[in-house]
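> Below is the structure I would like to discuss, written out as structure tokens.
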Amino acid sequence: MQVDLLSSAQSAHALHLFHQHSPLVHCMTNDVVQTFTANTLLVLGASPAMVIETEEASQFAAIASALLINVGTLTQLCAQSMCAAVEQAKSSQTPWTLDPVAVGALDYRRRFCLELLSHKPTAIRGNASEIMALAGIANGGRGVDTTDAAANAIPAAQTLARETGAIVVVTGEMDYVTDGHRIIGIHGGDPLMTKVVGTGCALSAVVAACCALPGDTLENVASACHWMKQAGERAVARSEGPGSFVPHFLDALWQLTQEVQA
């Protein structure tokens with residue numbers, strides 16, 4: 001199993017494309033992370049929109065550059081809105097990304113996410129336990145937390161990618177991105193990133209945005225992981241703990257975009 005590493009040049013090129021195209025991202029995400037997710041997209045140059053009302057979700061999915069479905073605070077009403085948006089995204093050829101939060105621990109959301117897979121997501125982003133559960137290999141995880149190493153989920157990610165046609169992202173100490181054949185590994189980040197709510201969910205939104213960019217989607221999605229890990233490392237170096245990490249993280253993402261444009 002060969003794992004390729006993403007080059008700095010590939011990451012910088014993707015970030016330039018991101019800023020150039022400024023994707024409009026329809027974020028149907030969980031209630032806990034909306035502000036952090038929106039700010040992450042904004043500082044990178046995207047336009048976030050948190051449209052969840054069932055009567056509007058389908059309409060907005062047709063005009064957005066990309067759609068994110070995050071089931072972190074799933075309710076039956078949210079599920080109806082998400083289904084409407086996904087169906088419209090498929091009809092409009094809008095790329096959409098699934099973040100199957102805690103799918104291995106809870107039956108209702110697992111059934112819902114499996115139903116959504118029939119609509120062929122462009123990308124799927126989760127931790128090792130979530131990806132393994134979605135692939136039907138194991139049910140696990142401790143709520144939103146993983147109990148498996150990212151590398152252990154690579155076979156499940158490849159299987160899921162081949163079955164759905166999606167690019168699958170497994171996040172952890174090292175991130176892995178695969179289309180079922182190629183695998184790209186991304187080093188970096190810091191354990192402090194796991195002590196702040198929303199870094200993974202925000203990454204899923206950036207992944208969704210990257211699916212709307214031209215070029216190699218696998219490399220663009222892998223670049224999203226690289227930006228987040230790189231910003232995390234920079235932020236940790238300036239932070240005293242989780243409380244000061246978040247503003248430093250947003251500043252670090254902003255600085256990455258400025259460096260690419262310089």
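First residue shown is number 1, and so on along the chain.
Placement of Cβ uses the backbone N, Cα and C atoms for every residue, glycine included.
Below, the features straight out of Swiss-Prot:
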type    : residues       : note
BINDING : Met50, Gly198  : substrate binding site
BINDING : Arg125, Thr171 : ATP binding site
> Measure from the CA atom of Gly198 (substrate binding site) to the CA atom of Arg125 (ATP binding site) and give the result in Å, rounded to a whole number.
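Spelling it out, the Cα of Arg125 (ATP binding site) and the Cα of Gly198 (substrate binding site) are 13 Å apart.
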> Could you give the Cα-Cα distance between Thr171 (ATP binding site) and Met50 (substrate binding site), in whole Å?
24
